[in-house]
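According to TrEMBL, the features are:
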- 25-52: transmembrane segment (TRANSMEM)
- 29-503: domain 'Major facilitator superfamily (MFS) profile' (DOMAIN)
- 64-88: transmembrane segment (TRANSMEM)
- 119-143: transmembrane segment (TRANSMEM)
- 155-175: transmembrane segment (TRANSMEM)
- 248-268: region 'Disordered' (REGION)
- 322-342: transmembrane segment (TRANSMEM)
- 362-380: transmembrane segment (TRANSMEM)
- 387-406: transmembrane segment (TRANSMEM)
- 412-435: transmembrane segment (TRANSMEM)
- 447-467: transmembrane segment (TRANSMEM)
- 479-497: transmembrane segment (TRANSMEM)
Amino acid sequence: MAINSEVKCKQEDDWKTHPDIDGGWAWMIVFASFIIHVLIMGSQMALGILYVEWLDEFKESRGLTAWIGSLAIGITLIVGPIIGLFVNTCGCRKTTIIGGLVTALGWTVSAYATNVYYLFISFGVTAGIGSGMAYLPAVVMVGQYFQKRRALAQGLSTTGTGFGTFITSVLLKYLCIEYGWRSAMLIHGAINLNLCVCGALMRPSPALPCRRQLGNCEKNECNEKFEEDDIGQSEFTGCFDTDAIEEAGNDEDEQNPPPDKISEQMKQLDSNDKDKMEVVLREKYPVSILKTISHVTSNMKLGFWKWYSSYFGNKSLFSNRLFISFVFWALFAYCSFVIPFIHLPEIVKLYGFDEENDKVPLTSVIAIVHIFGKIFLGMISDLPTVSAWNVFVIANMTMCVCIFILPLMHTFAGLAIVCALMGFSSGYFSVMPVVTEDLVGLNNLANAYGIIICANGISALLGPPVAGWIFDVSNKYDYSFYLCGLLYLVGIGCLLIKPCLQKQSSEMTNEQNVKT
């Protein structure tokens, strides 16, 4: 939706002082995002419990069985760009509610699996898509409601991953012992319906410019400009929000009530007035239906072009070199975070540390310290004298060192210490949305973050199965972690070239300014 420079929405900066920005309902959004991270990311990080059960049940190789969890985690992230389209056309609230229903369906249907291939579809694909539909809005909404304390808010909300991993690991282990893994998945599927409640809490944000003033814009000029723009040169900049439009349209609905309200009014009329009303209805019903269809079609059209222009327009995300290097980091690095959660229960079993792990599960150690890491790194990144980018890079370097050291630890205490360091350094996930927003801006955050988590998903999809196949060949996980560490080094290299890319970008900008 292109808005002419002459047509400006009034009070564009009012959202900065809005009571729900950095306070008020913003903390309810943090709470909803926290619960979503508990139910989605926490559950996926605890899949190592079910991984052991699936190995015993289906007697398949470790590499093949690992595909179940990898598909669920990978698809959750890979569908990010497509979910960005849903967010643009349907809004965060509806997308999350639909995602909650699909996720619960995936867990429930998986309880009746007869082989791993069944789980590939029922759990990996179905639950993965549903989780992706709920996960992306949870991150985007927090970014829209916070400015001064973005990193802290993201840190608090994403600590749900750590809490969820700890709680779900204990819960799934208990349910598997008491009722079996099939009943455990049924129960957990029912729990996932709480995602729909979290979606209902996602009130449209006043953060993006022009949202609340959309009704004051000259719609005809906007539509004409939108139609004149070429597909590849769309000037649609992201002022569009379907949930906000629905609220803005309430006044119009009062003037033109829908058919159900008209029917209620008919009951209050006497027989003579009903005859007159029937004549009115013949005109009102077609008009109301046409307006509804036109409204939905317009929302979908505008949302699609916002999504399309972000990826393929002249000012697309892929023209931003800094963002591209960040995408390559995401592509190489994320498997280092996922592999330990999938394979650590099996590693502990191979080392003979079952008794110690039953008392203090290593995945729970990572999860608990991960919580404090996210909060601490988020608070540090919000300090005016600290660069969020530098915090992000240092945390990644620490994580990479831990990946190389982990195979060298052959005592439970040593493994626990390294896992604690991994958990703390992986707190950089609270800074990742902030860094992404700094690179592309708030208006492009949904689509940009969708691309980032898509790259993460590809890494998560391939990492655990490859680690399992390496074990099937070498009978040890050491080489899997060494390969993972090398890939992580490549990803960190993509982060370290940022100063060079910034220098090139500034030089190109200066040359363009001189020519003009």
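The backbone N, Cα and C atoms fix where each Cβ goes, and this holds for glycine too.
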Open item on the list: When you look at the transmembrane segment (362-380) alongside the transmembrane segment (412-435), do they share 3+ Cβ pairs under 8 Å, ignoring any pair fewer than 6 residues apart in sequence?
Closed with: yes
Task: Result, the transmembrane segment (322-342) in contact with the transmembrane segment (64-88) (3+ CB pairs under 8 Å) - done: yes
Task: Among 119-143, 387-406, 447-467, stretch most in contact with the transmembrane segment (479-497) (C-beta, under 8 angstroms) - done: 387-406
Task: Predicted model, mean pLDDT over the domain 'Major facilitator superfamily (MFS) profile' (29-503) - done: 76
Open item on the list: As a test: from 155-175, 322-342, 387-406, pick the stretch that has the greatest number of Cβ pairs under 8 Å with the transmembrane segment (447-467).
Closed with: 322-342
Open item on the list: Within the same chain, where does the transmembrane segment (119-143) have neighbours whose Cβ lies under 8 angstroms from its own Cβ atoms, ignoring anything closer than 6 residues to its ends? I mean 6 or more beyond.
Closed with: 29-30, 32-33, 36-37, 39-41, 44, 54, 67-80, 83-84, 86-87, 92-93, 95-96, 98-107, 109-110, 113, 150, 153-154, 157-158, 195, 198-199, 202, 205, 433-434, 437, 442, 445-446, 449-450, 453
